[in-house]
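Colleague: Encoded as structure tokens, here's the structure I'll be asking about.
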Amino acid sequence: MLRLSLPPNVSMGFRLVALVALLFSHVDHITADTEAETGGNETTECTGSYYCKKGVILPIWEPQDPSFGDKIARATVYFVAMVYMFLGVSIIADRFMSSIEVITSQEKEITIKKPNGETTKTTVRIWNETVSNLTLMALGSSAPEILLSVIEVCGHNFTAGDLGPSTIVGSAAFNMFIIIALCVYVVPDGETRKIKHLRVFFVTAAWSIFAYTWLYIILSVSSPGVVEVWEGLLTFFFFPICVVFAWVADRRLLFYKYVYKRYRAGKQRGMIIEHEGDRPASKTEIEMDGKVVNSHVDNFLDGALVLEVDERDQDDEEARREMARILKELKQKHPEKEIEQLIELANYQVLSQQQKSRAFYRIQATRLMTGAGNILKRHAADQARKAVSMHEVNMEMAENDPVSKIFFEQGTYQCLENCGTVALTIMRRGGDLSTTVFVDFRTEDGTANAASDYEFTEGTVIFKPGETQKEIRVGIIDDDIFEEDENFLVHLSNVRVSSDVSEDGILESNHASSIACLGSPSTATITIFDDDHAGIFTFEEPVTHVSESIGIMEVKVLRTSGARGNVIIPYKTIEGTARGGGEDFEDTCGEPEFQNDEIVKTISVKVIDDEEYEKNKTFFIEIGEPRLVEMSEKKALLLNELGGFTLTGKEMYGQPIFRKVHARDHPIPSTVITISEEYDDKQPLTSKEEEERRIAEMGRPILGEHTKLEVIIQESYEFKSTVDKLIKKTNLALVVGTNSWREQFIEAITVSAGEDDDDDECGEEKLPSCFDYVMHFLTVFWKVLFAFVPPTEYWNGWACFIVSILMIGLLTAFIGDLASHFGCTIGLKDSVTAVVFVALGTSVPDTFASKVAATQDQYADASIGNVTGSNAVNVFLGIGVAWSIAAIYHAANGEQFKVSPGTLAFSVTLFTIFAFINVGVLLYRRRPEIGGELGGPRTAKLLTSSLFVLLWLLYIFFSSLEAYCHIKGF
């Protein structure tokens, strides 16, 4: 449950406000001087009226002069209805802000061509952060105030009212003083929060103060009591001008465009010297939408886009490294958890630490208040559930596939020339296993030929009901001729399905062929290894990539072109950029022995897992010269040069056996067995023996093409994939957005825990509290109603944006009527009602959002940085649009649009003076003794928040005095 912990001075301030409002609402007399000056007609304006006027939507509650008890009842009804409408506005504003978050999160892919010709692709946000904060974000947080002003003017025959403008000024005062006071106070003692984009804050603060100064000018100086068309239009056009100025400050344009600062190291240690000079030429080209948008960096907005791209790349890399670090820590901390649980924890932790927009905090605050739960925890849990459910769905789909698929178990088979036959397995998966399936097979020549290397084979395989695999055999022909490795193919074709089979296996009926088909692989490749050669030994490929998480990597040493005899093949690991000795891998060496007819041997090397997001290190595995352990007697004799033999004293077939020993690196085997009748080292070989010797030499084991394997250790594919998926899931637009109406209705009727305990790193959802249930049932009507709003998935959020702002406008019209009727029922003027009650009601969600942002965010921009910009936007849009429409309407009718300058001009002037004090204090707090706009030592916090609350109380107090004519206004 989200609790707004207010400092004592703030809570006491709210009580004083209520007391002041009630006090001035029941003043029955005015001072003699004031009454003499104003006369009887002004007395009614000073004291307020108990006679209500017809609203834009709501009619007058008759009779107009009820009893005291009826007044209390009516006031209660109006007040409760107004509060309930505020809840509705908060919930639809939640949808509205979600659409804004999705809209401003849109990205565009660009191609960057570097001077060396290398091209890279990256994405940049379409919306600049500052521009989005001053336009859509400000509109989202201030939509009720802006629309109230427009609706009030348009709904009352284009005449000026007190409710809309006073709400804008009152809301600005509440934001500037109370929200900032709360943000200063809630930061833990000793911690500080600074504004990151200080230039933007200066610009928006200046425009905020100028906006209210401009209001005073057009009300009391330029044309007192009359708003002309040019004044209204200029007020509105100040809005885009303000946005452009803020964007310029954010992008460091203008002066920065022409002056390039360079930095060099001074002679003194630690000294950095700055000097100005020409910007170096750059030929980095950026291609967007197929067009080169700049050929030189200095010709494109001071390289703003290049800087943004570079910053984005750095941010992405930093995010990946941070995600990898978090996953590694969580795996060490929770070794018992499954990967889905670890992903959920990491997702929640990263989302909690990520810098968030004003829109997100507004949405989070609203959902916590209304029992919709912690959006981050819900998102993390939903993602974990989706991952598990998708896995189950895929498994179920595989098991319940309505189509029978026929395919080979594997696509490649190997056999020796002397194996006799090779067995191939055909599989049946999916479909109705109660039927009989037929499939034809047929061999086809490759480099191996039928009749000389293998037996041509064709036929039909029958899968009877319940059978899921069958085996076919193809005969292999052996010869004594040395040959290269050869291969041939076996194809599957013509799948048929039948329900009945005769006793002799003949198909009785053939139907429903659409429920069976060939799967993959439907062709098998059989490789025949020659067995008349000792073998050629090689790795499969010269380079292999392995994941650092593989643990024990296995490398195959292949024996091709023969497999006769026992052969020893030595190997060893060699360091490259990867280090042995257990740092990146463990040093390994050995001498595996290939047995007769054995064609594959596996070498195992242990790889050390560092769990790095990016890794690219290499080492090598090298095989040495193969050594023949045993050969046929005749070939052994022919392989060795005659001479230097040692008589063993043994005989074979009546002939003596000799042995000759060579060094380890000699190409001839170390030990051979020879047979000779009459040994003569000078005896020449016959031509037949020479031919046999040549053939035997060809059959000697040799090394093949790939004797040195380069092993590239890369980051874990699974680990990197998990990190990348989490990076995508940590897009806040995905967190706050919705994909379907079904999702919205489920969310609307679901109660979730509103606990805002972000220290709980588990990120797991908790059970809802009693407060969560109460708030849910109070707001379930609004939740279900606004679930009909289009999801943010449609039109990239614009459909939700349009419908939401229409709903906010409708509710705002009700709020304006209820507030006006509430005020006239108890005798409060519209200006006082707007400044106190309406401004407070529209600012409550922003108050909670700022409080959460102040405690969670690293900087103060999200909590108070947008307050000044929002205040300026309120004037330029809320008053600028409304007064422009009214001024144009009256000018078209030959009339003047009259606005009483008294109360509004006084409030504006008072607010402007206090705003100067507020901004000055905030800037002073950046001094080293405090360290930032928010937080700091406890004494400084209390003094600052007390001062700001006092400024707000004084603003309410003096505005009320002026409204009831106790002090003279303008």
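Even glycines carry a Cβ here, placed using N, Cα and C.
Swiss-Prot lists these features:
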SIGNAL    1-32  signal peptide
TOPO_DOM  33-71  topological domain 'Extracellular'
TRANSMEM  72-92  transmembrane segment
TOPO_DOM  93-133  topological domain 'Cytoplasmic'
TRANSMEM  134-154  transmembrane segment
TOPO_DOM  155-167  topological domain 'Extracellular'
TRANSMEM  168-188  transmembrane segment
TOPO_DOM  189-201  topological domain 'Cytoplasmic'
TRANSMEM  202-222  transmembrane segment
TOPO_DOM  223-228  topological domain 'Extracellular'
TRANSMEM  229-249  transmembrane segment
TOPO_DOM  250-797  topological domain 'Cytoplasmic'
BINDING   GLU417, ASP478, ASP479, ASP531, ASP532  Ca(2+) 2 binding site
BINDING   ASP453, ASP479, GLU483, GLU486  Ca(2+) 4 binding site
BINDING   ASP584, ASP610, GLU611, GLU612  Ca(2+) 6 binding site
TRANSMEM  798-818  transmembrane segment
TRANSMEM  822-842  transmembrane segment
REPEAT    839-875  repeat 'Alpha-2'
TOPO_DOM  843-871  topological domain 'Cytoplasmic'
TRANSMEM  872-892  transmembrane segment
TOPO_DOM  893-903  topological domain 'Extracellular'
TRANSMEM  904-924  transmembrane segment
TOPO_DOM  925-941  topological domain 'Cytoplasmic'
TRANSMEM  942-962  transmembrane segment
TOPO_DOM  963-970  topological domain 'Extracellular'
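Help me picture these features in the structure, burial and contacts included.
Modeller: Over the topological domain 'Cytoplasmic' (93-133), the average per-residue pLDDT in this prediction is 75.
Beyond its flanks by at least six residues, the transmembrane segment (134-154) meets 56, 89, 93, 96-97, 100, 103-104, 127, 160-161, 163-165, 167-168, 171, 204, 242-243, 246, 357-359, 362, 805, 808-809, 811-813, 815-816, 838-839, 842, 845-846, 866, 869-870, 872-874, 877-879, 881-883, 885-886 of its own chain at Cβ-Cβ distances under 8 Å.
Outside the topological domain 'Extracellular' (155-167) by six or more residues, the chain places 55-56, 145, 148-149, 227, 813, 816, 819-820, 829-835, 838-839, 842, 878-879, 882-883, 885-886, 889-890, 897-900, 903-904, 907 with a CB less than 8 A from a CB of the stretch.
Within its own chain, the transmembrane segment (168-188) has Cβ neighbours under 8 Å at 4-7, 10, 13, 142, 145-146, 149, 208, 212, 834-836, 838-840, 842-843, 846-847, 850-851, 853-855, 860, 863-864, 867-868, 870-871, 874-875, 878-879, 904, 907-908, 911, 914-915, 918, 922, 933-936, 941-942, 944-949, 951-952, 955-956, counting only residues six or more beyond its boundaries.
Cβ atoms under 8 Å from those of the topological domain 'Cytoplasmic' (189-201) belong to residues 130, 183, 246, 249-250, 252, 854, 857-861, 863-865, 868, 926, 930-938, 941 of the same chain, restricted to positions at least 6 beyond its ends.
Per DSSP, the topological domain 'Extracellular' (223-228) is made up of 0 helix, 2 strand, 4 coil.
Listed as Cβ neighbours of the transmembrane segment (229-249) (distance under 8 Å, sequence separation of 6 or more from its ends, same chain) are residues 128, 130-131, 134-135, 199-200, 202-204, 207, 211, 214-215, 218, 222-223, 869, 872-873, 875-877, 879-881, 883-888, 891, 897.
The secondary structure of GLU417 (Ca(2+) 2 binding site), as reduced to three states from DSSP, is coil rather than helix or strand.
The DSSP secondary structure for ASP479 (Ca(2+) 2 binding site) is coil.
Sequence-distant neighbours of ASP610 (Ca(2+) 6 binding site): residues of the same chain at least 6 apart with a C-beta under 8 Å from its C-beta are GLU548, ASP584.
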Colleague: Over the span of the topological domain 'Extracellular' (893-903), count residues by DSSP class, listing helix, strand and coil in order.
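Modeller: Each residue of the topological domain 'Extracellular' (893-903) counted once, the result is 2 helix, 2 strand, 7 coil.
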Colleague: Long-range neighbours only, meaning 6 or more apart in sequence with Cβ under 8 Å: which ones does ASP453 (Ca(2+) 4 binding site) have?
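Modeller: In sequence order, the residues whose Cβ lies under 8 Å from that of ASP453 (Ca(2+) 4 binding site) (at least 6 apart) are ILE476, ILE477, GLU486, PHE488, ILE528.
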Colleague: Check the transmembrane segment (202-222) against the transmembrane segment (904-924) for contact, please; criterion is three or more CB pairs under 8 Å, pairs 6 or more apart in sequence.
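Modeller: As far as Cβ distances go (cut-off 8 Å, pairs 6 or more apart), the transmembrane segment (202-222) and the transmembrane segment (904-924) touch.
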Colleague: Within 10 Å of each Cβ, count the other Cβ atoms, then let me know which of the binding-site residues GLU417, ASP479, GLU486 comes out lowest.
Modeller: ASP479
Colleague: Just name the winner among ASP478, ASP584 (the binding-site residues) by count of other CB atoms within 10 A of its CB.
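Modeller: That would be ASP584, with the most Cβ atoms nearby.
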Colleague: Is the topological domain 'Cytoplasmic' (925-941) packed against any residues at least 6 beyond its ends, judged by a Cβ distance under 8 Å, and which are they?
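Modeller: Same-chain contacts beyond the ends: 183-185, 187-195, 854, 860, 863-864.
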Colleague: Which sequence positions outside the topological domain 'Extracellular' (893-903), separated from its termini by at least 6 residues, show Cβ-Cβ distances below 8 Å to it?
Modeller: 158, 160, 162, 166, 219-220, 224-228, 232, 831, 883, 886-887, 959, 962-963, 969-970
